[in-house]
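Peer 1: Attaching a single structure in structure tokens format; questions to follow.
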């Protein structure tokens, strides 16, 4: 477990939603765990993790929360803010974990979409998470602002958006939407474009 708050430079470097994220080989995961009691929710924990050699950050979080001995009679909501979306294998493990813990719901807001050499695997992993009930979204200014004020040692400095934050969020949101679209809708769109001569 890393210290509770991230350094400003580390957060800005790793979470910046730039198109070409050279040199960013680590994945950071900021999390909030809440227990839902009827109409209210109670925060149980928050913090951040980063991948360690040989273990992706998503699996580190699953190990961490598995040690909690969660009450199966209560509902829990976990929210992740990640610098990269999960790889295929991590998505598979997370979906399986949720299947065995139906009282736990997960939302993931990611800064960037991760694609390995096999560009078909990661999108399938995201679809698998979506089918498992995970809400997946791209981080927007509001999410960065929340993270800055919750997870970053900000020394009372206000979060300032970098050039391109909004445009890159919109571009990535469109890309994620295309990935999560049911395949028949994608085929319908392709047919429509063919009919229009595109």
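Any Cβ shown, glycine's included, is placed from N, Cα and C.
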Peer 1: Which residue range, 39-42, 43-46, 47-50, is the one Swiss-Prot calls region 'Important for interaction with CTNNBL1'?
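Peer 2: The range carrying the region 'Important for interaction with CTNNBL1' annotation in Swiss-Prot is 39-42.
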Peer 1: Ranges 88-116, 117-145: which does Swiss-Prot label region 'Required for interaction with RNF126'?
Peer 2: 88-116
Peer 1: Spatially, and counting Cα to Cα, which of the recorded positions is closest to residue 58 (active site, proton donor)? Options: 27, 87, 90.
Peer 2: 90
Peer 1: Near residue 90 (Zn(2+) binding site), how many other Cβ atoms are within 10 Å of its Cβ?
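Peer 2: A count of 23.
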Peer 1: Write out, in the order they occur in the sequence, the residues of the chain not among 56, 87, 90 that have a C-beta within 8 Å of the mean position of the C-beta atoms of the recorded Zn(2+) site.
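Peer 2: Output for this site, in sequence order: 27, 57, 58, 59, 86, 88, 89, 91, 93.
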Peer 1: For the region 'Required for interaction with RNF126' (88-116), what are the same-chain contacts with Cβ under 8 Å, counting residues 6+ beyond its ends?
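Peer 2: Answer is 14-18, 21, 27, 56, 58-59, 62, 65-66, 70-82, 122-126, 128-129, 131-139, 143, 172, 175-176, 179.
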Peer 1: Enter the number of other CB atoms within 10 angstroms of the CB of residue 27 (phosphothreonine).
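Peer 2: Neighbour count, Cβ to Cβ under the 10 Å cut-off: 24.
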